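Quick notes on the structure that follows.
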Amino acid sequence: MAFSGNTNADSVVYYKLQHSIKARFLRFVPLDWNPNGRIGMRIEVYGCTYRSEVVGFDGKSCLIYTLNKKLINALKDVISLKFKTMQSDGILLHREGQNGDHMTMELTKGKLSLLINLGDTKTHPSNAQINITLGSLLDDQHWHSVLIEHFNNQVNFTVDKHTHHFHAKGEFSYLDLDYELSFGGIPVPGKSGTLSRRNFHGCFENIYYNGVNIIDLARRHKSQIYIVGNMSFSCLEPQVVPVTFLSSSSFLALQGTSGQDEVFVSFEFRTWNKEGLLLSSKLHQSSSGFLLYLSDGRVKINLHKTGRVLSDIATGSGLNNGQWHSVSLSVKRSRISVRVDNDVTTSAHAFIPLQIYSDVFYFGGCPNTGNISECNTSFGGFQGCMRHISIGNKAVDMISIQQNGFGNFSDLLIDLCGITDRCLPNYCEHGGECSQSWNSFHCNCANTGYKGATCHYPIYEQSCEAYKHRGNTSGFYNIDSDGSGPLGPFLVYCNMTDTTWTIIQHNSTNLTRVKSANRENPHTVFFKYSASLEQLQATINLADHCEQELAYYCKKSRLLDKSDGMPLSWWIGRTNETHTYWGGSLPAVQKCACGLEGSCIDSQHYCNCDADRDEWTNDTGFLSYKDHLPVTEIVITDTDRPNSEAAYKLGPLLCRGDRTFWNSASFNTETSYLHFPTFHGEFSADVSFFFKTTASSGVFLENLGIQDFIRIELQSPSEVAFSFDVGNGPSEVIVQSHNSLNDNQWHYVKAERNVKEASLQIDQLPQRSHSAPPDGHIRLQLNSQLFVGGTASRQKGFLGCIRSLRLNGMALDLEERAKITPGVEPGCPGHCSSYGNLCHNGGKCREKYSGFSCDCTFSAYAGPFCKKGKQLLSNTGPDYKNFKKFLQSMKAVIQSTKTIAFGKKQQKTEITELRKPSIKISAYFWTGTSVTYNFQEYYTLAKNSSSHASSFYADMTLAREAITFAFRTTRTPSLLLYVSSFYKEYLSVILTRNGSLQIRYKLDSHQDPDVFSISFKSMADGQLQHVKINREEETLFVEVNQNERMKFILSSGTEFNAIKSLTLGKILENSDVDEETTKANSQGFVGCLSSVQFNHIAPLKAALHHSSSAPVIVKGRFTESNCGALTGADSTSSETTHSFADHSGPIDEGKPLANAIRSDSAIIGGVIAVVIFILLCITAIAIRIYKKKGMYSKNEAKGSENEDSAESALKSELSMQNTANENQKEYFF
């Protein structure tokens, strides 16, 4: 606001503001002086009518208000007050009920916390506590306003106009609380729900509860008020004068205590800086001195003489946390001591050979002029606040120093602590951790999935399509569907085929059989996915197509009751709507696939199951309406009649393509452009896109405000500029390329601007950044339309193509807007010029409207990029599944005969299965040894295949495990075995501190692990212990040392999803495991492990005999041993000398074992004959399988080859049923 002043010394100019202003400070900046008079200014500020009721608490008192039960509103409560204090901790408000319900508002380290317990955890186990924290540095002796509003279950918590809105779960009613409110403390010792026990020391103003003036009632001694301790109706201002050291050159020089035998200096300080000089002086000689300073958040004192350090002591920690800390320095004779925060345990002492005296003490730094050797430091001056400065037990009067000039100072603010919390508001996004110094803040983006100065930009791609066009192959990837938006990244499996599939798993992929369900007692199953519903929705919206296979098998189990038209079974989708159409059908049509095709087994019905036959049939197909996916719940009600049964199986969510990755527009004239709504990126803004052009310059996009703007343009054939203005004047970031950018190939541009910096990156060139000015304007305010491909402020637009334009993670639909815009065409041809190099081995790049493909017709290779060897059979359909089983049968036989080598003198063969059973593979583990077997190599069978995306996913999901191993050790706790998952699921087998065996299964990343303990005796007795672990879905069997097998039941889940690796010894990767597993992993395992088997994997054998070819990584000292066959006394003395360390490599099943047993030629001939006979038999069986046609072969599930017991049993019944119905056929071999 600008105001015209008076024109002479006597007149007064009066202005009345239209709106009242609430502020701590007012700053007036003279713009011009009267040229005819002298310089001078007088300002008076008049406030509005304001009623103030204040009350003061001394830290030992409180005020209790008893509520009028008739006036209590169960649905609405409003509490408002103001407070000011110099204490960083204290209880402002407390209210507690009989059942453990309570609400507490408490000041903790200068921040205000609202703690709400919604009820007894036994009654409301999911509602535990809500703890909201607002504000910072609230112990600054200034008034702060607080408002708590409760309407039904909605709670608003406001501190100084910063509001946190949250929705309380469960029954949140103040009727569950006592009919009294306590202000300033808790009157009854031992009440629950507090973060500290300190009462409030300070002042309250205008306390209102639902419109009732509490302080006014207390002043009039009303019966509803009860006062504990001493309380006054005034607010006494403490005589404390803080001083602010604004810069590293600030200092305060005060007279010392020359000639006295004892020196005592004390003060309090607060700062965010880890380093800084607090106090300095000199010793007996001018060439000597002492320094009291901050180093890494600790107080240190350094005594030196002529460059030689006499003593260096330290005390305290974390003193740069912005809180007030007291320091006292005492020197008496030759003993010096330093104490922090009046804590005796933090005292540090030293003896010095010199006596200290001082004419001058320098606080915070030194004068710039002159050679003040006693305070020259490498870490700079102090930036922060000090108060309660005392020298020789005499307080320093800072007001007198300011007025009368006693002492010397520079660049200080007296009677004010100007510390600012730069982490409030917190500009670190996506959970980034904010830390700060006096002048700036820093965001730690570790483990957030984001990068940049404010953790704004994602480090992961938005889709599998984007990973594919970076040259990646099939595998697990994190994707971030909304880019820099609020949704975080999550793990998916990307199947990189000609069409890229994104596969998202859920918690129940097995076939489930259902009996005894009816409408009164339905069978209901809920599906939890590896991503939230919001993340799933963003992924589905991004995809070209999504589908999910739903198989429903039935025997006298209907989907629809034709008599009343009511559904008997249904499923629920993402939006919580009920759907009665089934796989292969369409929405709003209460039919199955056979009903649309007219192929149902009973033409009177629209689903096979509605025929209600006493034999197995099914309605199976893919659900593909994106707005309804994924399936979150299935309900079945018609299986309670005699011989009635149903079974269902839901596949993973499958999505293909990325409709935004190739979304593009061609700009054909320099005056053409697309316009979109205003871009809102006030504090963080990122823009990314691809472009290609032959023009030498042009504006990619622009958005204007009244003064602010943002613009990205091609300034020259090799230069891109990102310019903007947020009120600090125009800024520009430029990236220059050594190669021309107008070469008609796709180039990638990424620009980001936040409150700390602006950055620009082109392709893979180094990113260029410009820092924002300190304490400058930070809000980008735009109001015009967003122009793409042109500009409103210049004539020359952009000629060429722009593709995949995203602003703050949101994609703009260029093609739809281009359809209705003259001079702009949707789409842009010519992708092969940029991506043709991805087609390898003679593959030809073929243009598509959206992207490209590699034609491998004339290449010896196949796959999306012509990099994989071609297969003889098409791996689609049921024939391929049978052929895979045939190959596995052959593989089992061939596995027994790894290689046959014919020499000149003697025929030799290596047969792995001829190993004697008594030979056990054992190894001795030393401290820190780690053996990790990576399972992902076993997924390569399905990688890059053109089969349907779901056909391999079950290979990565385990419904059962068979684990055997033996061990001997004397160390506890120990980690014996650990199996990890890409979805943060795991299995750990540990020895606890008392030597008992403990198995910990975590099959749901959102729940605590299931823990099963076996405590026969201490198993860390140096004897060989044998362990067998078998899991069948939720049932776990454990056998130890051939004792009786024990049975346990899991509650965390039945499926082990996407297993990643198996570790023996110490876990070296970052793992999110429970506390007990972490303790066991601290030592890893020291001792002998033997005969380790996980399903068909033998990790010890792979590490010892195939360390260069198997997918095994060995770290640390690892020695092959026969300790698994010896007694405890002989185990260490009989070890072999084969040592391994730090080996890794891919699997190669064709490589022979090094130490296999060799047989003579007679055995070779017999083995060859047996093998040939078996192969002929298998070939005949395979022909039989290929010719056999089942009634439902076309609907065969595309899931796992390793079927569970329920599915095997059902398919056995179906097979018997089909065999009885088909004609008898004979085959002769």
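From the backbone N, Cα and C atoms, a Cβ is placed for every residue, glycine too.
Annotation comment: TrEMBL describes 1-48 as domain 'F5/8 type C'. Across the domain 'F5/8 type C' (1-48), DSSP assigns 0 helix, 0 strand, 48 coil.
The feature domain 'Laminin G' is assigned by TrEMBL to 54-235 (among others).
TrEMBL lists 241-417 (among others) with the feature domain 'Laminin G'.
The list of residues near the domain 'EGF-like' (419-456) in space but at least 6 beyond its ends in sequence, with Cβ under 8 angstroms from a Cβ of it, reads 135-137, 162, 244, 270-274, 322, 383-385, 478, 480, 484, 486, 488-489, 683-684, 686, 752, 754-757, 759, 774. The annotation domain 'EGF-like' is assigned in TrEMBL to 419-456 (among others).
Positions annotated as domain 'Fibrinogen C-terminal' by TrEMBL: 455-506.
Sequence annotations record features per position, and here TrEMBL assigns domain 'Laminin G' to 663-828 (among others).
Taken from TrEMBL, the feature disulfide bond applies to Cys801-Cys828.
With a cut-off of 8 Å between Cβ atoms, the residues of this chain six or more beyond the domain 'EGF-like' (829-867) that come close are 468-469, 471, 473, 496-498, 500, 657, 661-662, 692, 744-746, 801, 944. The annotation domain 'EGF-like' is assigned in TrEMBL to 829-867 (among others).
Across all of the domain 'Laminin G' (930-1123), the predicted model scores a mean pLDDT of 83. The domain 'Laminin G' annotation in TrEMBL covers 930-1123 (among others).
The compositional bias 'Polar residues' annotation in TrEMBL covers 1127-1139.
Under the heading region 'Disordered', TrEMBL lists 1127-1146 (among others).
If you look up TrEMBL, you'll see 1162-1186 marked as transmembrane segment.
What TrEMBL records for 1194-1229 (among others) is region 'Disordered'.
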- For Cys801 (disulfide bond), the same-chain residues 6+ apart in sequence with C-beta under 8 angstroms from its C-beta are Ser664, Ala665, Ser666, Phe667, Phe691, Lys692, Thr693, Cys828, Gly830
- Within 10 Å of the Cβ of Cys828 (disulfide bond), how many other Cβ atoms are there? 24
